[in-house]
Amino acid sequence: MSNKNLKISDFEIGKTLGKGKLGRVYCCQHKSSGYIVAIKVMNIKELREFKLTNQLKREISIQGKLQHKSIIKLYNWFYDKKRIYLIMEYCYNGELFKTLQKTKNGILPEFKVRKYISDLLMSFKYLQDNHILHRDLKPENILLDEYGDIKLTDFGWATQIDTSSNSRDTGRRRTLCGTLDYLSPEIIKNQEYDHKVDNWALGVLTFELLFGYAPFEHATKEKTYKMICEGAINWPSDDYRQNNVSSLAKDFIAKLLVVDVNKRMTIKEAISHAWFRTASSSK
């Protein structure tokens, strides 16, 4: 599917897969090849209105180069007078967020969480090896394919560090972006940050998948901010949640949710954590 002559009439438009602030994602079939894809449709006028044109260009540039089994592929893109269309890999089982909504207390079995996080760690190692920060990890941005394997998606907030010899890019950023519950302390404090913001988000995600709520969740935004900045993890007090999660899983989370970035677990350390060396985590 070359973008040279592509147009939306080349596709049969199916069900809506997701809705965002600036557009929707549809399940579509390419008429001539029969290939099933997901197409993200965005209004050009709204992109300009919200000054997000450059952000979209960056998203296309970054995601278009990525080749990893646990990252959604961006096959192509095209546009007409009113809209921009991103043609992406289709995931049959949809968002992990919707799967969580169907489970008891929004909790997944530990063996399944361990598999998801293991795969995500490899995708984030790939991103960090390529000097890319995702900056918006959350269950809505993780998809499940027909085999139940995870795929990281939505690179709208992603950024790539320029590592060329003549570049002045230090690899540090200050942009406030992401989802409240997943923001790291350094982002909230408007400090310079690097790829370790994604490591923090992996800790938040692991906690949420195992316990059914975010580790710093609170009724007010201000209190949530305070708890994040203090690293005050809200561990569950009920027996059901406590007894169904291993000590190794809790240790893994605690080592990622460290306020001091210099002491926060690296991706390499996370991959080799003892939690992943057990066939079934001992309590």
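Just so you know, glycine gets a Cβ as well, placed from its N, Cα and C.
Of the residues ASP10, ASP119, ASP154, ASP162, TrEMBL places ASP154 in the same ATP site as LYS21, LYS40, GLU140, ASN141. Within the same chain, the residues at least 6 positions away from LYS138 (SUMO2 cross-link) whose Cβ sits under 8 Å from its Cβ are PHE97, THR179, ASP181, TYR182, ALA201, LEU205, listed in sequence order. With all protein chains in the displayed structure included, the most crowded Cβ environment within 10 Å among the recorded positions ASP136, GLU140, ASP154 is that of ASP154.
The Cβ centroid of LYS21, LYS40, GLU140, ASN141, ASP154 marks the ATP site; residues of that chain outside this set whose Cβ lies within 8 Å of it are GLY18, GLY20, VAL25, ASP136, THR153, GLY156, given in sequence order.
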